[in-house]
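Colleague: Have a look at this one before I ask anything.
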Amino acid sequence: MAAPPPSRARRLLPLSLGLFQGALLLFFALFVTYNEPSAQAEDVSLAANQPYRIFPLFQDIQVMLAVGLGLLLAFLPRYGLSALTHNFLLLNVSTQWALVLQGLLRRFHHGQVHLDLRNLLTAEFAAVTVLISVGAVLGRISPCQLLVVAPCEVPIYLASEWAIVTRLGVLDVGGTITIRVFSCYFSLGMSKALFGAARQPVHPKETPTPRSNLLSFVGTLILWVFWPSFMAILCQPGDAQHRTTLNTLLATSSSAVTIVVVSGLLERDGKLSPSHLQNGSLAGGVAIGTVADTAVPPVVALALGILSAAVCILGFRFLTPLLVRKLMLRDQCGIHNLHGLPGILGAAASIVAILVASEDASGSHFSQMSGSNASEAVGGQWGDHGAGRQALCQAAGLAVAIGGSLLGGLIAGAALWLPCMVRPPERLCFNDSLYFNIQDQAESPGAGSTAEEGALALTERV
């Protein structure tokens, strides 16, 4: 089939978004209402105080996703505006889509979807998986293709989360398995299905500049500062939330120090790698999620931060080149190193913590995980057999997250090959001028270059 004309292809994004927003407007008008508090006095008081307790942490997460993550993705020197804009767009589209699906599946009563702040928060957690996953193909697919990822990934994530948390009773308050591991392997499956086994040389626009590295590191710092809010928001108020905050701070702090040690020792001249700093500083926050609200000793949080940072950097140095060489696997942002490897490490840590904990510590602390039915799944207080069963559930949850996300990613990658999808050719990737009116003549070799590149990008398909 012939490629669509440039003008029609350029209008595909706003038309698609308009139809999407119109459909959601109709759905909200017909089926969505606000959740009403219970008539009991204690419940009314609790419902009235919940927004004041949740909203400050919710705002922290908004800053993380819209600003921190967007800037972290701005390491490509000529794709920073696109990275920020597309991240912001995907956040909103994915959150609204998750609200619809979650409402129909979990909060649909008497013909109405009952909406509250916690419902919105869990929808944003579903959106996080999309924002992480697209990092593997950053700059190589069009905005229209990006919008296809959300409707594909969100329902698969919701099914995976239901199987892992509700059915298996996996303990994962910080989303290490359900969010980080899932989104990582979904992105790798999508990348493999989209790009196949084609070996491509390094693109000239892939190399970061000092300015783009600085912007990306600012994003890292924002994520690092607000990471405890992401971990603590779904915990039970009190001891569990307090422990989660402390453990997360210890893990991210030790990661930040370890990055300097490992990166400096690995580099021949002892200089630090910007990509190591941008990613490895957050590895501890990824790994600690499975045990963040448990009564593990503080040294465990520090050790997890150290190990996860080292694993992340070793992945960048040795595993990523191996995956490229052997599997021709593209991972533009190093998703596997930041989310996959530390996520697996965190899952392993939860298994070890369950097995070595005493019966009293296990029953008292691990069953306090917010949002899980672990205590019911193992029958309350754990004995030796209960701890063993829970450890098996943790391992099974990790397997479900990896297997389900890989399969889902392959399906989503195949969907991006649909005839209506357009993708920029390789030589025109990583360029803001394909999607925005850029008035920067210093970067334009000729007066008509931007228009020419835009037309080529919209008419060529792979």
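Each Cβ is built from the backbone N, Cα and C atoms, and glycine gets one as well.
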Colleague: From the ranges 141-161, 162-182, 246-266, pick the one that TrEMBL records as transmembrane segment.
Modeller: 246-266
Colleague: Per the 3+ Cβ pairs under 8 Å rule, pairs at least 6 apart in sequence, do the transmembrane segment (117-139) and the transmembrane segment (54-76) touch?
Modeller: yes
Colleague: I'm a bit unsure how to read this: which one of 12-34, 54-76, 88-105, 214-234, 299-319 has the highest number of Cβ pairs shorter than 8 Å with the transmembrane segment (246-266)?
Modeller: 299-319
Colleague: Give, as a single whole number between 0 and 100, the mean pLDDT over the domain 'Ammonium transporter AmtB-like' (24-418).
Modeller: 88
